[in-house]
Amino acid sequence: MKGIPSSSNQILNQDLVEDQSFELEDWLPITASRNANWYYSAFHNVTAIVGAGVLGLPYAMSELGWGPGVVVLILSWVITLYTFWQMIEMHEMFEGKRFDRYHELGQAAFGKKLGLYIVVPLQLLVETSACIVYMVTGGESLKKIHQLSVGDYECRKLKVRHFILIFASSQFVLSLLKNFNSISGVSLVAAVMSMSYSTIAWVASLTKGVANNVEYGYKRRNNTSVPLAFLGALGEMAFAYAGHNVVLEIQATIPSTPENPSKRPMWKGAIVAYIIVAFCYFPVALVGFWTFGNNVEENILKTLRGPKGLIIVANIFVIIHLMGSYQVYAMPVFDMIESVMIKKWHFSPTRVLRFTIRWTFVAATMGIAVALPHFSALLSFFGGFIFAPTTYFIPCIIWLILKKPKRFSLSWCINWICIILGVLVMIIAPIGGLAKLMNALKQPDSSCKST
């Protein structure tokens, strides 16, 4: 590890560190604390994966149809679990070296400069776009609560943009937490909330039963053609599996010894997390589509009309979960920016620097969310364009470079299949996502029912 450069050899405040022989890694939010264990891994990963994407899965199913929808849903779960395992295995693949950040693993595979150029922009875009979507979803949930509480007429006075501002206020406070382990309590509550609102969504749908005159065929919606909607749905599915962008950062919080490497508790936590993911995703996607067919809305909780109290509770759970999810994705961004500010620009690592960086980021994501409050369109575009590479095929490319499996062996073939499928999603899904986003921008942000 490298300490603070001599050109900025300031003495840190006593409230930041006790030892004046300061190491940068001991201050940055990803590596400041390494006392986590397998269940920290489990709930951090649940919080990271089961996010806003689960609420859009029934809508994605309606755009894909039963056959393709089920295939894509299952295939995505299997492929992403495999690439998740790859990243955990590669965290300490070289003795005495831990790849605590995604871009460090990329540098090991592609070279010091090229690795940064490939991974850092994608990871920043993934984490920033996730935070933007969570801002939008939090605002939508707050608006739904307001609508159910005061009625449609009164709710028309406020748009979803106003509720995004309210949700953002919580992130200005939570962003003050120092590192990954300091948000463990928030992440645990968020994980429980994600399971709770997912359960409410599919149980309420199942209890309601199949809607009258339900249809499962393809239909044109929101001025988006059926083929473009189909492509966009692939991006929505990809968005639902975004945990890979923080997996190494989560593993970095787990202690490691030669006798008990960090990959053991991390993989144990990942298995638990993916079982929970399956419990959340499959019932919500399948039961939601079965109940409402192609009349399901972009957010399944917006489709459910009652009982009113249950829908309010579900949206409260969504809001609490998103408070934690936002921080899980924002923490690596804070780590990158703080590292650059201290290493390259020689800023002193103080609370003022930390708060300035974090509040600026929260304000920026809030501003973009207010400008583009379109849930499904954002899922489609971001999911295909930037989530697919970091989740579906970059781990496989790195594995082929570093592990060098024998050509045409099982490992080699599996990785190339994942790469081909991931590249296809990256190319075609943003086409549908961009079309949906352009059409969404033409729609007014007016009544409660429409937004």
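Glycine too: its Cβ is placed from the backbone N, Cα and C atoms.
Per Swiss-Prot, Ile300 and Lys442 occupy the same side of the membrane [matching topological domain names]. Among the listed stretches 64-84, 359-379, 381-401, 414-434, the one sharing the most Cβ pairs under 8 Å with the transmembrane segment (116-136) is 359-379. Sorting each residue of the topological domain 'Cytoplasmic' (178-182) by its DSSP state yields 2 helix, 0 strand, 3 coil. Outside the transmembrane segment (183-203) by six or more residues, the chain places 36, 40, 42-44, 46-47, 50-51, 54-55, 174, 177, 276, 279-281, 283-284, 287-288, 300-301, 304, 310, 313-315, 317-318, 320-325, 327-328, 331 with a CB less than 8 A from a CB of the stretch. Using a Cβ-Cβ cut-off under 8 Å and counting only residues 6 or more beyond its ends in the same chain, the transmembrane segment (381-401) has close neighbours at 53, 79-80, 83, 86-87, 90, 102, 105-106, 108-110, 118-119, 122-123, 125-126, 129-130, 133, 231-232, 234-242, 244-245, 411-412, 415-416, 418-419, 421-423, 425-426, 428-430, 432-434, 436-437. Across the range of the topological domain 'Extracellular' (291-309), the DSSP-based residue counts are 11 helix, 0 strand, 8 coil. Long-range Cβ contacts of the transmembrane segment (310-330) within its own chain (Cβ-Cβ under 8 Å, at least 6 residues beyond either end) map to 44, 47-48, 50-52, 55, 126-127, 130-131, 134-135, 137-138, 141-142, 144-145, 148-149, 167, 170-171, 174-175, 177, 183, 186-187, 189-191, 193-194, 196-197, 200-201, 204, 242, 245-246, 301, 304, 358, 361-362. Annotation: stretch 228-248 has the most Cβ pairs under 8 Å to the transmembrane segment (359-379), among 64-84, 228-248, 270-290, 414-434.
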